[in-house]
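Here is the structure we will look at, set down as structure tokens.
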Amino acid sequence: MKKTGILNSHLAKLADDLGHTDRVCIGDLGLPVPNGIPKIDLSLTSGIPSFQEVLDIYLENILVEKVILAEEIKEANPDQLSRLLAKLDNSVSIEYVSHDHLKQMTQDVKAVIRTGENTPYSNIILQSGVII
């Protein structure tokens, strides 16, 4: 049995299988998941687990070269945005797109991780980097 790292077997496998430029989405309660895209549903109840808790664990375990966020988070959820940006390494590039475009982009992710987050625009697409 694992003692450290990601203990959820679905999340661990997802992280282990990521290659350079592969993408994963961490989403709030309301983010729709396209047909055919795996959904790893971690939500227990409204707010649990939080977007930030899930993001923290994933950032500890995968190398991220780019993140994609909804432009709307800047005005609708600035506290979430500032906490999120504080966690990113300076080398991570940040792209803002419309929320509608971000939802379209989830059609090309390896999986959507659904959290219990209940604040607006708490969605992010993480693009995997490479360690060599």
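Cβ coordinates come from backbone N, Cα and C, glycine included.
Under the heading active site, proton donor, Swiss-Prot lists H20, citing sequence analysis as support. Positions annotated as substrate binding site by Swiss-Prot: D28, H99, Y121, S122, N123.
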Around the recorded substrate site (D28, H99, Y121, S122, N123), other residues with Cβ within 8 Å of the Cβ centre, ordered by sequence, are G27, G30, L31, A70, E72, I73, N77, L102, E117, T119, P120, I124
DSSP three-state call for the residue listed as 'active site, proton donor': helix, strand or coil? coil
CB contacts for Y121 (substrate binding site) [other CB atoms within 10 A, all chains]: 22
Which one is closest to H20 (active site, proton donor) in space, judged by CA to CA distance, out of the binding-site residues D28, H99, S122, N123? N123
Excluding its own, the Cβ atoms lying within 10 Å of the Cβ of N123 (substrate binding site) add up to 24
Site of maximum Cβ density within 10 Å, from recorded positions H20, H99: H99
